[in-house]
2 protein chains.
Amino acid sequence: MTTLPPLTREHCAVLDVQDPLAALRNEFLLPSGVIYLDGNSLGARPKSSLQRAQEVISQEWGQDLITSWNKAGWFQMPSTLGDQLAPLVGADAGEIVVTDTTSVNLFKAIAAALHIQSASPERNTIITERSNFPTDIYMAEGITRWLDRGYRIHLIDSPEDLPVAVNAQTALVMLTHVNYRTGYLHDMAAVTALAHRHGALMLWDLAHSAGAVPVALNAAEADFAVGCTYKYLNGGPGAPAFIWVPQRHQAIFQHPLSGWWGHANPFAMQPGFEPVAGVRRALCGTQPIVSLALVGCGLEVFGKTDMHAIRSKSLALTDLFIRLVEQRCQQHALELVTPRAHAQRGSQVSLRHPHAYAVIQALIRRGVIGDYREPAIMRFGFTPLYIGFTDVWDAAEAMRDILDSQDYDANEQRHAVT
Amino acid sequence: MTTLPPLTREHCAVLDVQDPLAALRNEFLLPSGVIYLDGNSLGARPKSSLQRAQEVISQEWGQDLITSWNKAGWFQMPSTLGDQLAPLVGADAGEIVVTDTTSVNLFKAIAAALHIQSASPERNTIITERSNFPTDIYMAEGITRWLDRGYRIHLIDSPEDLPVAVNAQTALVMLTHVNYRTGYLHDMAAVTALAHRHGALMLWDLAHSAGAVPVALNAAEADFAVGCTYKYLNGGPGAPAFIWVPQRHQAIFQHPLSGWWGHANPFAMQPGFEPVAGVRRALCGTQPIVSLALVGCGLEVFGKTDMHAIRSKSLALTDLFIRLVEQRCQQHALELVTPRAHAQRGSQVSLRHPHAYAVIQALIRRGVIGDYREPAIMRFGFTPLYIGFTDVWDAAEAMRDILDSQDYDANEQRHAVT
């Protein structure tokens, strides 16, 4: 329980006036009357996306047709966008392609890591967290079952188990940098160093990090990374994901999804596969250009600020929300799930409550959009590009009022998809 | 050389007037002055696609945000579109999902086929054509190299080699139904029956068939199929591909790309993978919704006709083009690559010429868009939804004039991508 003095909405309004990122809210369109705290699930719509879609559909597809593969840069787009994204995650140009889905990119990266480790058959373990986003675990299951070489997946129950779990049998440590449910932020450099001390490779999933917290892939000497563009990067629903292969691993990066876009000479139409040099060997098939192009609209907004300014505001927002919840909802059964320590906190706040699902539904009815995650967790994403400090006040107030007045239906059942 | 009487442009104009599909041309936007004979590479733009993109971006994403996963049917879209596509390829509802790329879907289907055949380790061969689209071969290479169980890929040089090649060692026959380069159309029922007689499974790539020629997957008792939506189906550049798993194989369909969209209960967030019943187990990760939604615009046009009407016009168009080329360009070194027999012809005409690349460039300069494929092949796709008979006349005339006047640059070099 905090001992800080009570805040008012007026304090928050002053913070908004002082906010150097406030103007970036104008880059996005959100429904009026909505406080959108779900940008960690689906990022808001950049204003420029509609015009960009129009340009791709009317001009590039409709008028210029096949010439757009060259002229409009369609074929190069996974690289162009990857280079634009690189500074946000501490990568260099030529190390990222935007392509396929996070799941498919995980498959490539896990396969490549196991291939590199195949010279050491005693390394038969992949370590990840039981609380990792399920698809990460499913993809590891998929590839290890198919390789059928005795690999096992060791699911740890807490980040604190890592030092004990990683050992000479570890082939790969695979973690989501910011946990999707709890908002726990791993220490990328320390965990990577731990893996390397034991000869293991380190794969990071940046789904809840890219555009949310500063990431320094090269500085941490990470081995591989994948990530999502439709959350904090605002690329649009289901927009193609990305994969990072650092320069030092590119020549040895091999994976079984050896499609023609990863070929050294894709238009020679030769029957034997020969991977292209560089990160484009992580490409496989033809990419969905309209969705891909919209990723650029989200990335452009990041060009107007930097990750340190974003992090600074993100922590101020989550600090404020935690403080308001603790000051104003203290008689309710809310439990802070997200770490209080800045060094361990992503850009979200998760709270446990026995009626979490029902409270989230009540909040949504009042225009405060967070989401629910099993079990019993309310999840609120704070995206500094379009969330302000009075938004945080209003969201906390809505929750206080809902809880005080029990204005939720405790029997409300969860839908299949939310 | 044909002995039919010479045709005139007026004959072609009469055919246009009599054409029952002529009105469908209005469903598409193409640049004025262009005869677009490259719909087998990138389909033309349906008029409705711009409004559909606007709806998805402005309303579904911008206003309705995460609720669109349910409310706008985003999560179900791979199935909804699959059911819409099914009648075009002789499949039933619940047998197709539109998802990922053709390459990735090939990987799933090859993996599933090899898994089914793994009870018979003597079946260690995948048969395909050396002239198959390279990515098909590359994906087979990728999975067999990684499985490392002694699989070999047998590349045949001609469809006539199939009866000799398929034997008790064959695990899988994998063919593209219509060859991308030659336009050769396989007899799906006969080849599938041949594979089955020897205990092999049959995988068809419908990249140049779906929307181009009638396909009867279930009637032919094929085992698996994949296909492309951005060619004859006009789904937009790089639009997601499709995969067909017939009902009888769905329970045994297993592949290593076991992502959360293929899980029995994706939102329970359980760490163990359990495939969903039905064709949705062929799904992997989150799909690019804007590109996916546009696939519906192309499919809607097909709802206004049927594949028999399309086939009938397609054969009339390709017959006409072959006849005009043979009557009017007979003194030039043009060699018909595409089979003359209707039963063996897709919806394209390929011609070999020593200066094929230069002639294609000269045609493009005159607004007749075909494309070039290695080696020395001019490829012309005839898409009955938006190509008319006078278009065919004008295209043939342009070629005649270019050849007669040698109005091409024989030294013109091929670009990296065309």
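A Cβ is built for glycine as well, from the same backbone N, Cα and C atoms used for every other residue.
TrEMBL: automatically predicted annotations, no manual curation.
Since we're looking at a predicted model, the values are computed, not measured.
Some features that TrEMBL has for this protein:
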type	residues	note
BINDING	A:THR102, A:SER103, A:PHE133, A:PRO134, A:THR135, A:ASP136, A:THR176, A:ASP205, A:HIS208, A:TYR230, A:TRP260, A:THR286	pyridoxal 5'-phosphate binding site
MOD_RES	A:LYS231	N6-(pyridoxal phosphate)lysine
Candidates from A:THR102, A:THR135, A:LYS231, A:TRP260 close to chain B, where recorded positions are judged by Cβ under 8 Å: A:THR102, A:THR135, A:TRP260
Secondary structure at A:HIS208 (pyridoxal 5'-phosphate binding site), reduced by DSSP to three states: coil
Neighbour tally for A:THR135 (pyridoxal 5'-phosphate binding site), based on other Cβ positions within 10 Å of its Cβ: 27
Cα-Cα distance maximum in Å, computed over every pair in A:THR102, A:SER103, A:PHE133, A:PRO134, A:THR135, A:ASP136, A:THR176, A:ASP205, A:HIS208, A:TYR230, A:TRP260, A:THR286 that the record assigns to pyridoxal 5'-phosphate: 30
A:THR102 (pyridoxal 5'-phosphate binding site) - helix vs strand vs coil (DSSP): helix
Whole-number Å value for how far A:LYS231 (N6-(pyridoxal phosphate)lysine) lies from A:THR176 (pyridoxal 5'-phosphate binding site) (Cα to Cα): 14
From A:THR102, A:PHE133, A:THR135, A:HIS208, A:TRP260: binding-site residues whose CA lies within 10 A of A:LYS231 (N6-(pyridoxal phosphate)lysine): A:HIS208
Candidate with the highest Cβ count within 10 Å, taken from the binding-site residues A:THR102, A:THR176: A:THR102
Neighbour tally for A:LYS231 (N6-(pyridoxal phosphate)lysine), based on other Cβ positions within 10 Å of its Cβ: 27
A:PHE133 (pyridoxal 5'-phosphate binding site) CB neighbourhood, other CB atoms within 10 A: 22
